[in-house]
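Heads up: the structure comes next, in structure tokens.
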Amino acid sequence: MNWAVFQGLLSGASHFSTGFGRIWLSVVFVFRLLVYVVAAERVWGDEQGEFDCNTKQPGCTNVCYDYYFPVSHIRLWALQLILVTCPSLLVIMHVAYREDRERKHREKQGENCGRLYVDTGKKRGGLWWTYLISLIAKALVDVVFLYIFHRIYQNYSLPRLVKCTLNPCPNIVDCFISRPTEKNIFTLFMVATTALCIVLNLCEIGYLVIKRCRECVIQKHLKSQSTNVIAYLQKQEMFHANNKLNEELDQLNPCDHVMPPETKLK
């Protein structure tokens, strides 16, 4: 597994992430990816070769190992790391699409033309939805893999002893796992970091949604205030226009003052 590729991917995604997103990237890189590369591969090693059964019956050890451990622990963890980092590619590709569109717009309209995007990495419009979908996808991947680990390894633990009665085993065969305590510690560590990543993803989703709702409320309030001001100015303009029109009418049609008839003196 070439973890340098994932290091570059996570580093590129950090430029477009929120505070919660950067914490998530740090947890994935330090507590999951580096632990996997530095320690986990050595802890598991050749699992099947170190799976020991108290029988010499050909094929019995292989059948028992395949039944109790259908998927290698370390390979399943590697698949989880690959899938959980892939949604970040959506955000990076969307930003690259925006930058390419901005570049083509400048080439076509000139350098002094208006920009299509104020900031190509700012989470607005379609990029906001892409970022939100990537967060949901990452959380779902971790949840699904937690469920898979729970189904394959009950309570996320490896037993010290398994009893196998499958063919071609002649009878009840006892099989032993190498370093079960050490593997259980790494398994619990993996589960804890996965749960932490899920919580961080949910916090970031809530932060994005609340922030967006707040911006919408503020924009609606400002728009309402702007509408009220425009309506007030229009009323004032109409009032002054009516006054001016009345003054002009008074000048064109002056009122005739009728003098009352003289009264006779008695």
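Placed from the backbone N, Cα and C atoms, the Cβ positions cover glycine too.
Please treat TrEMBL annotations as automatic predictions, because they have not gone through curation.
Sequence annotations record features per position, and here TrEMBL assigns transmembrane segment to 20-39 (among others).
In terms of DSSP secondary structure, the domain 'Connexin N-terminal' (42-75) contains 15 helix, 2 strand, 17 coil. If you look up TrEMBL, you'll see 42-75 marked as domain 'Connexin N-terminal'.
What TrEMBL records for 77-97 (among others) is transmembrane segment.
Under the heading transmembrane segment, TrEMBL lists 128-149 (among others).
Annotation comment: TrEMBL describes 141-208 as domain 'Connexin cysteine-rich'.
Feature annotation from TrEMBL assigns transmembrane segment to 185-210 (among others).
Remote same-chain partners of the transmembrane segment (128-149), defined as residues 6 or more beyond its termini with a Cβ less than 8 Å from a stretch Cβ, comprise 16, 21, 24, 71, 76, 79-80, 83-84, 87-88, 90-91, 94, 156, 187, 191, 194-195, 197-198, 201-202, 204-205, 208-209, 212.
Residue counts of the domain 'Connexin cysteine-rich' (141-208) by helix, strand and coil are 44 helix, 8 strand, 16 coil (DSSP-based). Long-range neighbours of the transmembrane segment (185-210) within the same chain, counting only residues 6 or more positions beyond its ends whose Cβ lies under 8 Å from a Cβ of the stretch, are 18, 20-21, 23-24, 27-28, 31-32, 35, 39-40, 43, 73, 77, 80, 84, 123, 128, 131-132, 135-136, 138-139, 142-143, 145-146, 149, 153, 156-158.
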